[in-house]
Amino acid sequence: MASELYRSIQARVRRWTLARQTPARTQTLTQNRIFILPSRAGSVWLLLLLLMLVMAINYENNLVYALTFLLLGVFLSAMFHTYANLAGIEVKVLPSEPCFAGGQAAFELELQRHSSRQLEQLSLRLEHSELEQIVDLQQARQQVRLYSPARRRGWMSPGGVKLETTYPLGLFRAWSWLNLELKTLVYPEPLDTTLPEGAQGQAVSGEAHLSMRRGDDDFAGLERFQPGMSPRQVDWKSYARGRGLYAKHFAGHQDPDYWLDLDALGGETLERRLSRMTAWVQYLSTRDVRFGVRLGSFVLEPAEGEAHCTRALAALALYGLEGEA
Amino acid sequence: MKGRQISRTAVVWQLLAVMLVVLPHVQWLPLWVPALVVLAIGSRLMIHSGRWSFPHWSVKALLVIASSGGLILSFNHQAGPETMVALLVVGLALKLLEVYHRRDALVVLFVSLFVAATAFLFSESVWIAGYILLTTVLVLAALNSIQQSSSARRFRDNLKSAGRLLLPAIPFMLVLFFLFPRLEPFWSVTIDSGQAKTGLSDELSPGDVSKLAQSDELAFRATFEGEVPLPAQRYWRSLVLSEFDGRRWTRPSHEQRQVLRPEQLQPLVSAQRYEVIMEASGRPWLVALDQPLRAGQGTLMTPVRTLVMDRPLERRRQYPVESVLQYRQQPLLTRQEARHYLQLPAGGNPDSRALAQRLLTQADGNTDGVITLLQAYFNKTFVYTLEPGRLGRDSVDQFLFETREGYCEHFASATAFVLRSAGIPSRIVTGYQGGEWNPYEGYLQVRQYDAHAWVEYWQPEAGWQRLDPTAAVAPERIRTSAQDYFSTNEGFSSAGMGLGIDWLRDLRQRYDAFNYSWHRWVLNYQGQQVQLLDDWLGGEDRWRRLLAWLLPTMLVFGTVGYWLLRPRPTLPRDPMARALMRLQQRFATLESGREPAESLAMWLQRVADDWPKQRALMLRLAFLDDQQRYIERKDPHQQAEMKRLCRILMRQLPRKKR
C-alpha cells in the first residue's frame, strides 16, 4: 500500500518534471528538479526513533531522549547530504553508437560536477529500462553508458534519464528526471540467412572491375610490414628466420559487385526482408566485398569500407519511416 | 536494493558495531549470550576470510531453537527490559551469521542502535553516555559503508562521513532536549539492573546500620535555598520504628497504624527550603530534615511525619521539601498512642528493666533526669565502634552490661528500651546524619556510611523530642562528618574510608561535583525544565517553544546546507596550473577572457596589446608556456619563471574593470 503510493508519487513526479523541461543536450540538476523523500529505510528509522521515544518517556530516561533527538538530527542531516549528493551535477549527451534491434541501445552521457566534493553512489537509468548504472563521481567529469532495450529499427529516443541517490545513509532517496536529447539509430535486427543466389548475378550488369584488389584469398608475395597492417598478415616464419618483419600479400579475386535489392526478395514481410539485408550487409562488409543497396527508389552505389556499411545500415534502419535520412 | 551485496569493509563494520553495542550489557547478561555473540562474530570473520562457508539452514535453525530455549530458561518468562535486550542481542548474533546483503546489514544496524539506547536503562553515567556517543558514530559509519559500492574499502572515509552527519545533529539534539516536554510514563515499568541496592531497611536489629557504614555509595544529595544547617542539625529522618520484639525494632503493624493519628507540628522558626536528589534505593521511603512541614510534589507524608513514595524508588528522584529545625510536635498523645510507644515484650532483658527503675528513682521520676543519667552512664565506659561483638538473646542486657561496645543502633535501641521501661514514650528513628559539603557545586552529599539511628521521646506539652545517645558517646561523630570521624579514629579504618590525603579527597569532591551537575542538568533535567523555560523564554507556551526550536535548527541546518552546496571551484592541485587558472580568471573579470578554442599562448598574444604595460611579461609567459608544453622534459627554471610571471601579473592587474 505504502509502496504503491510511493510508486504513484514517483510516476507523477516523473511525468510532471519531464513535461516541464524542454529536451536539451545539457541539463543541470537544479533545485527545482531534485525531489527527495525518506526511503523505506528512512521510514523504519523514524519508527525506531518513535520506539526509542516511548522507551525514554516510559523509563523517564533523559539519556534515551538525548539519543533519540541526536538520531533525529542525523536523519535531517542525512537529508541535506543526500540532496547535496545530487545537486549541481551537469549531464551532457555524448554521441551514441547505433545498435541493432533486439539488442541493447547504449547512450553515452557525461556527468560533470562543479565542486570539489566527491559524489558517490549515483544511480542512473533510462525511463523505460530496469538497468541501472551506479557511478562514483570521483573525477570532475565522468562518462556513463546507459542501456535500454532496442525493440524497433529507426530513431530511438529512450525518454527521460533518472538520476537517483540514497547516499550517505540510505535514509533518503533523492531523484531527478532529466529530459535529454538522447537519440540513437537502431538498425534492423539481422536475420542470419545465406546470400541469395541471384544477388551476385545482377552484378554482371554492373560495371566490371578488373583491377587487382587487395584481399585475402590468394598469396601474392611478401612486402615490408608497416604499422597498421593486420598481425594476421605477418609472415612469422620469415621473422623467425631473422629476416625482419614481412607481411604476406594476398590478392583477392576480381569479384563482381553484389547488389542487395529489397524488391528482389519477395514473399516476406518488409521487416523480415530488411532484417535479411542487414545480415548480408554485415556479412559482406566484414569480408571487404563491394556491394550496392537498392531500397525502392533509394540506391546506394556499390562500394566497400566502414562508411559505406554505416550508410547502408542507416538506410535500412530508416526505410519507410518518417524522418528518412 | 535488497539484493545488493555489501562490501567486505562493511562486513567488518557490522561486526565492530555489534560488538560495541553489546559490550555495556555484558555485565548483566547471562554468560551464554555474550559467548554466542563472540561465537557469531568469530564465525563471520572465518566466513569473511574465506575459510568457512555460510552456515547451512539446518545449523541456523538449530541455533535459533537452542538460543530460544536458553532465553526461556534464563529469563523464566519475565517480560522486562532485560528479556527484551537479551532477545535483541541474541537476534543480532544470529543475524550476523548471514549478513551478506544490504537489507541484512540494515536490520543489524537498526537493532544495534536500539540496543545501544537500552544501555541507558542500566547505567546513566557520563562514561556510558560518552561510550554510546562513540558507538553511534561507529554505527553511522557502518551504515555509510553499506551504502557504498562493494569495492569501497576505506574505513576512514566512513568515519568522516559519520562525523559530518553527526556534527550538525548535536546542536539540534541540545535544543530539542532543552525544549521537549517530558511526559508522564504510559505504563509503569520496573527495572532491575541486577545490582543489589544498599539502603535503610524497615527494621533495625543490632549490626544493621554498621553494615551500611561499610558502604561509601551515595545515598542522596541536597541543595539548600537559604542557609545550610550546621552539622549537628543535619538529622535526616527516614523511618520511625516503634515496635520492639526483644531484638528487632520494626514499624507499627497494620492495626497499630490505625491507632496513630497524623502528628501535629507547630513550627517555632521559619521553614528551611531545600531539594533532595535521592539515589535509587529500591525502597519507597525518602529522607527529610527533622522535621518536614509538608509533603512536596510526588511524595506522601506518613502519620509520623516521614516522607514516602507510592512505589519503590527505582530511579534517582528529585523532590523539594520544607522543614523546620525547631518545632513542637504532637503535644498530646491519646492513651492508645501512649500505649503503643511504651510497648515492650513481656519478658527478657531483666537487668535493663532494673536499670530503668534505678535511674527513675535516682532522678525522682523526672524524664530529663533519667536521660541525663543514662547518657552519663554511656559516657563512662562505653565504646563507639563499627565492630561490636555479636549479641545474643537478651541483646539489650548484653550490650548494657557485658560488651559495652556498639554502633549507633546499639545505643539507640538500648536508650529506647530503657526509656520505655521507665515509662517514657519513645521510638527509634533511622535515617542519615551529617553529610559532606561539596564546595564546587554547593550541595550536601550524604553517603550510606552516614546512616544513623537515634531516639525520639515524648513529654507532655513539649511533644516529641530528639535524643541522640551517640552524641553522648562520640560527640565528634555528630559534629563532623562520618567520614572525618572514621578516618581519624582507629577501629574504623577497616571501613575503607581512609581518605586522609587531602588532594585525593579534593579530587573525589570535584568528581562528585561533576557527577552532581550531570545528574542535575542531564539525568534529572525535567526537574529544572519548567523553571528554566520560564526564565529563558519568558513563558512556555507552545509558540515560544516552537520558535525556540525552529530558529536554532534552521540556523544549524542552513549552515550545513550552505556548507554542502557552496560553490567550490575545482582548482587543480598543481601550483603551476593553479597559477595559470587564477590568471585566466582575473583576465576574464577584466573582459579579456580566454576563448574555448584558444591555446594559452594564442590568447595571451591576442590580448597582450590591450595591456601595454604588461605586454612584455605576457608575451614572455606565452613563449614559456609553449616551450613547456612541447618540450620533452620540463625545465624547472622555466617553470619557476612562469610562476613568477603569473605572480607579477596578478599583482599588477587591477582587481576589477575600471
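Keep in mind that glycine also has a Cβ here, set from the backbone N, Cα and C atoms.
Per TrEMBL, transmembrane segment is recorded for B:7-23 (among others).
Annotation comment: TrEMBL describes B:59-77 (among others) as transmembrane segment. If you look at the transmembrane segment (B:59-77), the same-chain residues 6 or more away from its ends with a CB under 8 A from one of its CBs are 30, 32-33, 36, 83, 86-87, 90, 93-94, 97-98.
Residues or ranges marked as transmembrane segment by TrEMBL: B:105-122 (among others).
The transmembrane segment annotation in TrEMBL covers B:128-144 (among others).
The transmembrane segment annotation in TrEMBL covers B:165-183 (among others).
The domain 'Transglutaminase-like' feature in TrEMBL is assigned to B:400-471. Across the domain 'Transglutaminase-like' (B:400-471), DSSP helix (H, G, I), strand (E, B) and coil residues number 24 helix, 32 strand, 16 coil.
Taken from TrEMBL, the feature transmembrane segment covers B:546-565 (among others). Distant neighbours of the transmembrane segment (B:546-565): 168, 171-172, 175-176, 179, 536-537; these residues of the same chain sit at least 6 beyond its ends, with a Cβ under 8 Å from one of its Cβ atoms.
Nonlocal intrachain contacts for the transmembrane segment (B:105-122), taken as residues 6+ away from its ends with a CB within less than 8 angstroms of a stretch CB, comprise 6, 10, 14, 17-18, 20-22, 24-25, 28, 81, 84-85, 88-89, 91-92, 95-96, 99, 128-129, 131-132, 135-136, 139, 142-143, 146, 191, 193.
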